[in-house]
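One structure is given here, and the rest of the page talks about it.
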Amino acid sequence: MAPSHVLRCCQRVLSWIPVFFIAMVVCWSYYAYVVELCICKCSLARAFVYLIVFHLSFFMFVWSYWRTIFTKPVSPSKEFSLPKADKEQYEREERPEAQQEILKRVAKELPVYTRTGTGGIRYCDRCQVIKPDRCHHCSACDTCVLKMDHHCPWVNNCVGFSNYKFFILFLAYALLYCLFIASTVLQYFIKFWTNELPDTHAKFHVLFLFFVAAMFCISILSLFSYHLWLVGKNRSTIEAFRAPVFTNGPDKNGFSLGFKKNVTQVFGDQGRLWPLPFFTSLGDGYTFPARLVSADPERATVILETGANAR
């Protein structure tokens with residue numbers, strides 16, 4: 001077995017450690033809350049109410065987390081690969097200017113409107129494809145990802161067009177889960193410090209349950225707030241740091257269509273499905289409505305119409 005192959009296998013195994021850590025914390029929190037708190041400490045009526053709300057938030061959190069982890073990122077189709085003859089010519093050329101001419105000729109037939117910082121066609125030498133708008137290469141996944149936002153080690157997956165809604169819901173339900181635990185455990189946490197809890201091992205579960213829930217609540221709240229802001233602006237994390245470049249220059253608000261339409265692009269046009277981790281995002285991941293897509297009004301009209309109508 002080649003050393004490089006062994007190294008890749010080790011990297012894949014190690015990349016699951018953050019997910020395994022989260023899973024262990026969630027499993028422990030379930031035991032601590034259900035068994036040590038609700039069954040052992042709460043009255044029957046209070047435990048009944050707590051357990052219903054807890055299991056609802058727990059189920060939605062785990063469901064969204066599962067979908068975020070195991071939804072495969074979508075890569076560009078073969079349509080964005082260079083034809084065989086053009087690919088051979090591209091590889092033979094040593095001058096970047098000549099290579100760009102080949103890419104521009106092929107890109108004329110593709111719905112590609114963003115450019116590199118120098119105004120060239122965005123091309124991935126690793127995947128050997130012309131990058132669609134908002135597509136980027138993920139070094140961790142070793143593939144180009146449509147509407148890539150970032151690679152998240154806590155889900156061991158790339159967050160992009162196919163699972164961005166799931167990622168937002170995962171953050172939302174994780175925050176709700178932690179808030180509910182922290183708020184309902186608070187009274188027992190206070191009793192711990194006033195020595196009103198019986199001196200059993202259960203009180204240590206209560207102590208750590210509150211601390212862990214509060215700690216995760218603070219960290220998730222900041223991340224969730226940031227991504228809500230990104231959704232409202234219709235930007236990815238990458239675009240927030242580096243504005244997309246169109247044929248007429250960079251524009252950080254180039255994909256923003258107004259708050260309502262921006263939210264609809266991610267969550268879909270059926271409000272009743274927004275809270276559920278079903279894929280309802282608008283578009284096809286290749287074309288997106290944009291305010292400034294081309295100096296040519298005809299091409300701008302085409303991309304606005306196709307991006308708005310694609311599902």
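Placement of Cβ uses the backbone N, Cα and C atoms for every residue, glycine included.
In TrEMBL this protein carries:
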type     : residues : note
DOMAIN   : 121-241  : domain 'Palmitoyltransferase DHHC'
TRANSMEM : 12-35    : transmembrane segment
TRANSMEM : 47-66    : transmembrane segment
TRANSMEM : 166-190  : transmembrane segment
TRANSMEM : 202-226  : transmembrane segment
Could you count the residues of the domain 'Palmitoyltransferase DHHC' (121-241) that DSSP puts in helix, in strand and in coil?
67 helix, 16 strand, 38 coil
Across the domain 'Palmitoyltransferase DHHC' (121-241), what is the average pLDDT of the model, as a whole number?
92
